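Sequence annotations record features per position, and here TrEMBL assigns domain 'ABC3 transporter permease C-terminal' to 171-282. Here TrEMBL flags 23-44, 168-189, 201-220, 227-248, 260-283 as transmembrane segment.
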Amino acid sequence: MDRLKYTLTKGFYLFFLNLRKNFVSILTVATLLFFYLAVFSVNFSASKAIDKLTDIKTIRVFLEEGVSYKDILKELSELQMPASFRYFTKHAAKTRVLNLVPGAKNIEKLPVELFPEFIEMKFADYASDEQLVMETAIQIEQIGGVRTVEYGKSVGEKLGKIKRTSMLFIIFISVITGISSAVIIFNTISLSLYKQQRKLSIYKLVGATGMFIAAPYLFAALLESTLAFLIAGAGNYLFVSGVTNYLLKNSYFMLFTPPAWLFAVFYFLLIITTVFSAFYCVFSFLMRLKSVNEV
């Protein structure tokens with residue numbers, strides 16, 4: 001109990017000491033995390049938008065101007081596929097887009113004539129096979145009066161490369177952010193250890209264990225990382241809210257914050273990085289201190 005009390009008391013002391021004398025380091029970590037969360041939020045929102053466009057069960061048949069939708073519906077029915085059909089007029093097509101992207105006022109201003117008529121063909125769940133959908137789409141393309149055909153797989157193939165590239169970018173900046181945070185934490189603790197070198201030498205001389213000395217620094221580092229994460233999270237929330245309510249107010253693209261469980265994962269990874277960096281820093285310093293004392 002006394003050891004725990006010492007760890008908490010000393011840890012809080014080191015934490016508040018760093019707040020006063022080395023707040024820039026904490027702010028630097030918070031800034032790194034903020035930029036990471038902001039980029040992740042944009043990527044997450046783009047992925048959600050892509051997923052909305054890649055429903056494998058649906059084929060959209062866009063009609064040529066002046067073509068009767070009843071004639072096309074008759075042709076589609078003759079394919080005898082387990083699917084339901086729904087016709088969208090120009091007005092209904094515009095309404096559908098507005099429902100997919102609520103708040104996009106610039107789309108509301110567009111004339112109805114710009115939205116093409118189309119027939120939506122939705123397969124039954126038991127028949128939602130990629131191969132069947134693709135073969136059906138190819139047959140529909142041969143029907144006269146059909147301008148173009150879109151289906152989940154074709155859209156997914158076009159957008160999949162974008163999604164994979166953005167995922168690789170996120171992995172890259174995740175690694176860079178983790179390494180940068182670890183280096184900053186390492187340097188912050190090293191500076192604190194250097195300033196208390198004499199006191200730590202006395203601890204070593206009286207037989208204090210490495211874990212006894214390291215525990216307060218580990219605890220202080222956890223507090224600093226938590227504070228940096230909270231600052232970054234608050235900054236990201238303000239960023240997403242500001243962009244959504246002002247910059248993207250009249251846009252068809254919506255920005256979302258990642259779900260809570262993803263934030264929990266980010267925090268967990270930050271804590272692991274912090275503990276590893278702090279542990280390595282303290283014990284490497286104590287090893288060097290031991291060598292100096294022996295000399």
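Positions of Cβ are set from backbone N, Cα and C atoms, glycine also.
Away from its own ends, the transmembrane segment (23-44) comes close to residues 166-167, 169-170, 173-174, 177, 180-181, 184-185, 187-188, 224-225, 227-229, 231-233, 235-236, 239-240, 255-258, 262, 266, 270 of its chain (Cβ-Cβ under 8 Å, at least six residues beyond either end). Per-residue confidence over the domain 'ABC3 transporter permease C-terminal' (171-282) averages 80 (mean pLDDT, predicted model).
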